[in-house]
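Here's the structure, in structure tokens; my notes come after.
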Amino acid sequence: MVKESKFSYNSKDEKKYSLGKTFRGDIFNVPETHDMVRSLFDPTVKKSVSDYLIVLSLFINGIVYYYSPVTWRIPVFIVLYSFWRLGYNLGIGILLYKQSKSHSMFHWLKQIQINGGWAKKFVELELSSKLNAQQLNSVPDEFKTWIVFRSLVNLILMNDFTTYMCLVFACSDGAFNQSLSLIFLRWVLGISFFIFNIIVKLNAHLIVKDYAWYWGDFFFRLHNNEELIFDGVFDLAPHPMYSIGYAGYYGCALMTKSYTVLIMSIFGHLLQFLFLNYVETPHIEKIYGDDNLSENTISVNKRDDSVFIGTGGKPLVMLTKNFNWLRTNDIFTVVLALYASIVPIFLPASYNNSIIILAIVVKIGTSFVLNSVLYLQSRFKSWTLSFIKNYGTINISILDNKELLERLSFQNWTLLQNNTLVLNYSMLFTISVREVMYNEKFWQTEWLPLRFILAALMILGQFLTVHQMIDSIGLFGWYYGDFFIGVLSSHKSEVTTLSRSGIYHFLNNPERVTSNLTVWALYLLFNNSNKIFLVIALLFTMNNLIVLNFIEKPHMVKLYGEQNVLKHTSGIEKSINSLFLPNHVQGTIVKLSGSIDKVIQDSSKVIDEFIRNKHNQKPKELSLKKRRNSFQQVIELIRGSTDDTLTINLQELNDQGQLQLLNLLRKDDTDFYNLGDPIKVEWNMEDHKGKDKAWIGLYNIFQTSETRTKTLVSSKGYWIPIHREKYINLSDKIRNEEDCILEDELNRGVVQFSAELLPWVPGTYELRLHANEKHEVLAISKPFDIVVKKIDVPTSDDIGDERLEDFANKLYQGFVSKLFPAVESIEDESNWFLQMHIKENARQVEKLCSTLSQSCGVHLTKKAIVDEKCLKDLSFKISKLRKMLDELML
């Protein structure tokens, strides 16, 4: 982030002055100033006493380096560098902190001018060297304070750099005691880092000029410097002068091959971040506005509050954030982490391979579950629908509040995602600790200290990035909230586009780069001792790519549009293009990236279409289709067969009897009965002799298609004798009732399958006429389907009693009266309760549950049915469910 400046005020161009404004409100022209190097070393620029003292101190550093014993150089310059680095980050930090809070440096200067003495003379001499007489009279004391402060900054920063470079030279003795290839690689990378550092610093100074370089906004404001903007290297990384602006440190460590240089570089860099966090950032927030009070941050916080209100509070993140001792889920997560990361550590070394395999299996399993949930939720709202099935059908009051239902289902998802994430990283911790404890090869690894340092930095990088991501997109974004929740009514004006603040300004998908840093850090640390860490790293990386390209990206395009998702240029991309890449190279990269995106999109569409087709065909429909196709294949094989014996058997079937379906329905060239409707069949036999005890069975055609001359499977009780009097000793009295055998003549008759003689499973069926108490087939009916009749569910907000009763009566006549004849009406509470709770009726209740779910297009549980007082109340619940499902699928 940089301060916008439309005027140049520190270089000789057509506009030498810009307006400044003190915190007291005084307006003044800002005189021209010069950068640090030019102020000290350009002979055309007038020098002050402090400039000569600074140059002298630099020569003293060189003299100390030259004359100090070789064995003393490193410790001497460690001390000197530490002194100047602390002078920078601690000394300047304290001065700026006090200046920000109470303008203390301004008051000190005023006090010096009042008290007089050598300090006043020194300040006047310093100012007269930097400003002419006219400028001295026109600029306010705040600007004069800044000029004096610049001299102190020049002293500290130049000595900080010089002592660091002296330390680098002192530690360079072992820079060339390696193989030529490694030396070449180290120096190429080191020089590249150093040059990159110089480019970043120069570009940063070109943009922010002396005003920001010397913390001018601690002393006064520029009139045209009202807000923070992003430009140049400030698009490349957050706070580039303090982050990537220290790449040269690590380049020097590479060139010298010195752990001392590396550790001191990390030390200096860490102090710089502390300076940024405790000095600069609070002042930036004070002057330019707090990031936490920005429009995006406020919107993100409001959205999180809206989503998690009434659901137990904000969910746990990474074991510590939002932890609540009174929430069982949080305690469970911590116990899970402790159990998975500590208990396995104390198992014998012989368990190493088993634990590693378990970690891989856990990662594959949890990834499959999470990815499947996200994919199906994006396409079909499957997670929310499942939640409605298991919770909404029990608590009907929730069906009046779509937002609450979505929030509750989302809360359950956050628990699943967080626990699986904790479990996976706990397992990684376990196998890493066991590798250190039990694998002797690990301690023989080359460059082990360097590996430890780099691994720690990579893990820290992922940790900090995750926090920045959560700060930018909130818990809602971290947990893929827009997969589960639409725009909240209380939040319609908030966060309706993708967030481009924080880390998302620099990277479109920071998780693509940073979410796998930990596993690759472990690979870097352990790859010499155990190659399985490469498999683990690749597994995590592949899963990340699958989620981003095949699940998250298509969903984001669907919600926010292709232009906003695929065509947006990140800050890093813009900066690299403008600073390092020619136009023709940029064009080639754009084309290549577009080609890769197209391949990914095409692959995603193919997978999406395949799964969508499978999902849209319900299991029952697939089963019916499979069975019907199987039957047709069997018939075609039979008809096309040249087997003489088979032909004779078929002819015998036609001659011995016939079965004619009487009340068959037909639609779209398909013969069918509605589930529960009686099936009437007329039978005929020319030769009745010896067949008095013939019977007709009802079979699923998929089970009987293997043979046409003999039935090899049980009828499962779905059968009727053709003559009532021939089965007088039949224990099953239902088959002796008159509603089963409607007509009974010698050579013909009519029977009816109804009530418990009907299968309550949709499918393709046939009727078979069998010989006396045997399974030899005399005749077979043509195949027909038994289907569930679809009943329109009223879903309007103002559904009245009349429409509700009409709907309930359709359910009663279509299904309930056939399964539970004792229930007399839709408001019969006593018989409904009795029938629903009789143990012997459990199977009938399950049939009703399945049938109503298919007929009404909702997912009902057995508990959802038995908990209602009567059928009318159940109908009202189904109406509410259907309305909720329709709203979710919009």
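Even glycines carry a Cβ here, placed using N, Cα and C.
Topology check against Swiss-Prot: Lys209 and Val519 fall in the same compartment relative to the membrane. Counting Cβ pairs under 8 Å that are 6 or more residues apart, the transmembrane segment (532-552) and the transmembrane segment (151-171) reach fewer than 3 and are not in contact. The stretch with the most CB contacts under 8 Å to the transmembrane segment (259-279), chosen from 52-72, 76-96, 180-200, 228-248, 447-467, is 76-96. Contact count against the transmembrane segment (76-96) (Cβ pairs under 8 Å) is highest for 151-171, out of 151-171, 331-351, 447-467.
For the topological domain 'Lumenal' (1-51), the model gives a mean pLDDT of 71. Across the candidate stretches 151-171, 331-351, 447-467, the maximum count of CB pairs under 8 A to the transmembrane segment (52-72) is reached by 151-171.
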